[in-house]
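**Student:** Here TrEMBL flags B:21-43, B:96-118, B:130-152, B:164-185, B:214-235, B:282-305 as transmembrane segment. Residues or ranges marked as domain 'ABC transmembrane type-1' in TrEMBL: B:90-301.
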Amino acid sequence: MNGWHLLPAALLVLACSGRYGGAPGAGARITVRGSDTLVVLMQRWAEASTTSQPDVVVEVSGGGTGTGIAALMNGTTDLAMASRPIAREERARIEGSGAKLVEIPVALDAVAIYIHESNPLSALTLDALRGVFAGKIRRWSELGGADRPIVLYSRESSSGTYAFFKEHVLQKCDFAPEAQSLPGTAAVVQAVARDPAAIGYGGIARARGVKVLPLRLADGSVVAPDHEAATTGRYPLTRPLFVYLRAPANPEAEGFARFLVGPEAQALAEEAGFFAWRSPP
Amino acid sequence: MSTSRKPRRRFRRSLGERIAERALALVAASAIGAITLILVFVVREALPLFWDGHEGLALAAPHRYPNYDHPVYVWQPVGYPPKYGVVPLFVGTLKITGLAMAISTPLSLLAAIYVAELMRPRRRAWIKPIIELVAGVPSVVLGFIALTYIAGATQDLLGCTYRLNALVAAIALSLAVLPVIFTVAEDALHGVPLALREASLALGARRYQTVTRVVLPAALPGILAALVLGFGRAIGETMIVLMASGNAAVLDPSPTSSARTLTATIAAELGESPRGSEHWRVLFLLGMILLLITWALDAVGRIVVRRLARRLDPSTDEGA
């Protein structure tokens, strides 16, 4: 008994010393939340940034663009990663509280269409893609493939990729109710890799073990989501990835944001399968 | 209450004892207080939906939206306009919960009967804790097993179109529900007085006759309580269904099609919906309904159990 009731007190002292002790500025933490598309790259960036800001710990977590921006609104994160531009209402909510919102494009991404590796389909037009995901085209035979139903893999509505795909491919249509919503691009890739009847979508950087389906443009040419097509904007599903923060931000968060647009971070983006940020031509 | 009729023994209690009693009462009251606060919070977030000018939500009725050629039940909270048809979510919840109960009820009850009635007591002593250990497996692990193994196995076996579907989720869910039903039902069976069994055997009944006609009826209230508890666990489970069901909000009652449950919807969407928005309020309404369903079920279960207990043994008091 006698030693144990000292334990809470000891823990309290420890907790306080962790928070307030040490040199000022040491062990500063910044949190980054949001887009699952960006999570892996952001973790690499966070590791790389320790060379320029050795005292700053960057905590990265995913959850989807909507989650990240909601966290930025509630003030529970310093930076939000986004795979879509912030919506007008979201911007109004943040700026309504007196803060300024800073938008930093950090990389280019191409949303790729994934199909199973055994699928013989060679290209798809955007109209056909809309038909597939809106549930109007239901069998592969309608696209010249095997006679089996098309199984759609989509994302949760909190995903920026979901919002991007909906805006640029489905436009005014809704996703078919049969579209399965999975909790992340990795889950979509895994599901498509195992299912010969599957079609899914997600960032090009995550495409492993699946076939990336090129798109057929209106002029009849076929374009794959590669470096050249993405940076020239010929691939229609190219999108900028953003980081948002409130200004004035704390100096550590600002320093990290400045690091993200630097040459070192951009080289890492290319290495991770994204494309370095370049403003659209 | 039988206890109130007994004369209460008055003895002097020490100060420490009185303080302990007060402290315990406070703890008990705080639990009740927390539940009340949860209810108040959920209701407060949900109900403004009905008077804050959210017309045309079409929560439970089919609605003809632009770009649709006939009225539909659709859950598409991100869309133009957002569509909050909750019927597919209820269908999904009932489908998965019903399937999981259909799988786990016979298995767990048979296991309970075997362990309580037929197994040697020494084996029972270690088999029961092992089954109970399954209840402690985190649901995210069960979800992962469903995702990687059960999904592939059911697709190979049944040739279903959708790899992730209600059946896969229900099988994984029954792994979580099974030990809950098993352990409560087994306790109920084990608690049936030995004298009943001995009397039955002495009258010349066979062992299975004793089990089915004497022990099972006597343990019925406890078994029902086990089922209610299992159902509550099944309908409230989130992670397994989120990972294994495919989460497509379809109206299809087929077990091999996908399903989206109330819990998975709340878990997946609450994070992104801004506080106080229409979407946020609809999600809280779903939570409120879920809460009411489990409470109603619990209340019905209690009433049935009490009735049964009285019918089986008229000497028991109402409160027992």
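The backbone N, Cα and C atoms fix where each Cβ goes, and this holds for glycine too.
On a predicted model such as this, the values are computed, not experimentally measured, just so you know.
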**Student:** Under 8 Å, at least three CB pairs between the transmembrane segment (B:96-118) and the transmembrane segment (B:164-185) (pairs 6 or more apart)?
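**Tutor:** Contact between the transmembrane segment (B:96-118) and the transmembrane segment (B:164-185): present.
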**Student:** Is the transmembrane segment (B:282-305) packed against any residues at least 6 beyond its ends, judged by a Cβ distance under 8 Å, and which are they?
**Tutor:** 38-39, 42-43, 45-47, 49, 57, 59, 77, 84, 86, 89, 221-222, 224-225, 227-228, 231-232, 235-236, 262-263, 265-266, 269-270, 273
**Student:** Which residues, given as numbers and ranges, are at least 6 beyond the ends of the transmembrane segment (B:164-185) yet have a Cβ under 8 Å from it?
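**Tutor:** Residues packing against the transmembrane segment (B:164-185) from afar: 92, 95-97, 99-105, 107-109, 111-112, 115, 128, 131-135, 137, 139, 142-143, 145-147, 150-151, 154, 158, 219, 222-223, 225-227, 229-230, 233-234, 237, 240-241, 244-246, 254-259.
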**Student:** State the residues, same chain only, that lie 6 or more residues beyond the ends of the transmembrane segment (B:21-43) and have a CB under 8 A from a CB inside it; answer 'none' if no residue qualifies.
**Tutor:** 13, 284, 287-288, 291
